[in-house]
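One structure below.
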């Protein structure tokens, strides 16, 4: 797969206790050796340092690291904001706000991650005291069913039925968009009420949107929906997420839910009750951004506040069984029509920026194993499957991406379409036969964004109208 760069997103990410604070960066997991505990212990050889960690009992080791944890968390909470300010990564208030917004979720993730007592003591005392497997390679299990013989694709016969599918992604509505405000501000997002009024020396925010670090006003989003509604009858819609703006340092749950509700209702209003929309969850739907804990995290830090509202708003389009798995982990499957099934994946469980995956990155929510089950059932019934999601698989954590690639190889005759967003660009990722790496067997279409963020001109972004015939040919007509 080709690996295009993801769109800039403001974030403060900490990896492996190395504090990195890129203003528009992403955090890649360090490459662990095959036997991390052995390599780690080499540096703590008793003959070198005169001390043997093996003399520690498991309870004593965990007690020591619990004390260290408390001290570290207090220092970390203060250090993040200070580092952002001192390194001039953003305006001081933005640094303070984002550090405060991320603090509780990030610390909770760290408390349950490999950095803490059971995992640290697994390294020092032994496997009987804990487990160290974060970001380690892992494999899903494929059914013991032979792969059907691959048939070369053939064009549909003339006059074959066609379906018109609308593909929407990365709307990024900015509720604070303000015409005439500064479009080239210092903050990560401009054209807002708090960006200030533009003088003759500064670029101004336009009425419909602005080329720069700006998202869209609501009237532009509504105009888009009015236009596509006039473009003809749509059989269904793929909507692959990212509703809120890029003001990730100042978002609240209430704001995120309001924007989810408003855009969902606008889509239903303009496309009508007879058009079914199949949504997928973007990384900006949550706050803090990219924060999607696995389902075993419960209580106020879980994603229930988001998934429950999605189930309420999307009940117009999705059946009860799909809503059940949506509430559980943000993914679902549904039959679009006889012979064609859709799978909507929560790609935040593969995202490099999702700091909750420090807790456990091995198939969070058991989603890929669930996908295999769905694909095998579809293969048995002769169904074809479309997969939608927000983040393209080539931008995922390496083990997740490899497993997904392996699944696509196994079920190449069943998966006939893959649709993603996130990069804001018009792209695609190719899948090749694992045995030879020369025979193409699938393609993931990545649609351009609705928003102009960053430096994108919506007049140059063409709306793609894909037919099932085109998809079978591995092409998408403009």
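The backbone N, Cα and C atoms fix where each Cβ goes, and this holds for glycine too.
Keep in mind it's a predicted model, so treat the numbers as computed, not measured.
Under the heading signal peptide, TrEMBL lists 1-27. Feature annotation from TrEMBL assigns domain 'Saposin B-type' to 54-133. Among the features that TrEMBL reports, disulfide bond is placed at 58-129, 61-121, 84-95, 185-190, 191-214, 350-396. Taken from TrEMBL, the feature Zn(2+) 1 binding site covers 170, 172, 242, 424. Under the heading Zn(2+) 2 binding site, TrEMBL lists 242, 283, 390, 422.
Each residue contributes its Cα atom, and for residue 283 (Zn(2+) 2 binding site) and residue 185 (disulfide bond) these two points are 24 Å apart.
The number of other Cβ atoms within 10 Å of the Cβ belonging to residue 172 (Zn(2+) 1 binding site), over all protein chains shown, comes to 25. Close to residue 170 (Zn(2+) 1 binding site), meaning Cα to Cα within 10 A, are the following recorded positions out of 61, 185, 214, 390: 390. Looking only at Cα atoms, residue 129 (disulfide bond) sits nearest to 390 among the binding-site residues 172, 242, 390, 424. Comparing the Cα of residue 190 (disulfide bond) with the Cα of every entry in 58, 242, 390, these being the recorded positions, the smallest distance points to 242. Taking the C-alpha positions, the distance from residue 191 (disulfide bond) to residue 390 (Zn(2+) 2 binding site) comes to 26 Å.
Those same-chain residues not listed among 242, 283, 390, 422 yet with C-beta within 8 angstroms of the centroid of the Zn(2+) 2 site C-beta atoms are 169, 170, 240, 241, 281, 282, 284, 347, 348, 391, 421. When the neighbouring Cβ atoms lying within 10 Å are counted for each of the binding-site residues (390, 422, 424), the highest count belongs to 422. All protein chains included, residue 58 (disulfide bond) registers 17 other Cβ atoms within 10 Å of its own Cβ. Spacing of residue 350 (disulfide bond) relative to residue 242 (Zn(2+) 1 binding site) is 16 Å (Cα to Cα, whole number). Nothing from the recorded positions 61, 242, 390, 396, 422 places its Cα within 10 Å of the Cα belonging to residue 214 (disulfide bond). The Cβ neighbour count for residue 129 (disulfide bond), using a 10 Å radius over every protein chain in view, is 20. Of all the disulfide-bonded residues in the record (58, 185, 396), the one with the smallest CA separation from residue 242 (Zn(2+) 1 binding site) is 396. Here the candidates are the recorded positions 172, 185, 396, 422, 424, and by Cα distance the one nearest residue 58 (disulfide bond) turns out to be 396.
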